Amino acid sequence: MAVKYVKQGIGQMVESKTAHPVKVAFLLIALITVWIATPFINDRSGYWEMAYWVCVAFIPTVGLVFAFRWQSLILGVASILTFLAWPILLCVAMLLGGI
């Protein structure tokens, strides 16, 4: 974990935990991949559908854990929205008359 020392008070250096930008970027790409795959999942996908549901559960959970650990707001918001990817896209499709 990247450690940055910040000055706090008079002459005191305190350790501050910062997020790893490369790991945050990797997790955001994984979350975006779930969003891209969501409209293409149907009952004819076979094993891909099972892999999709595993990813929908696993990737946002990992994202939330690291969002709290690294105090990354964007990663937390993206993880919560990805948990809700399927219902959000379903509601949008129903509102637009696509279903």
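Don't overthink the numbers, they just go from 1 along the chain as shown.
Just so it is clear, glycine is given a Cβ too, placed from its N, Cα and C backbone atoms.
Owing to the predicted nature of the structure, the values given are computational and were not obtained by experimental measurement.
Under 8 Å from some Cβ of the transmembrane segment (21-38) lie the Cβ atoms of residues 52, 55-56, 59-60, 62-63, 66, 70, 72, 74-75, 78-79, 82, 85-86, 89, all in the same chain and six or more residues away from its ends. According to TrEMBL, the feature transmembrane segment maps to 21-38 (among others).
Among the features that TrEMBL reports, transmembrane segment is placed at 50-68 (among others).
The transmembrane segment annotation in TrEMBL covers 73-96 (among others).
Beyond its flanks by at least six residues, the transmembrane segment (50-68) meets 19, 23-24, 27, 30-31, 33-34, 37-38, 41, 75-76, 78-80, 82-83, 85-86 of its own chain at Cβ-Cβ distances under 8 Å.
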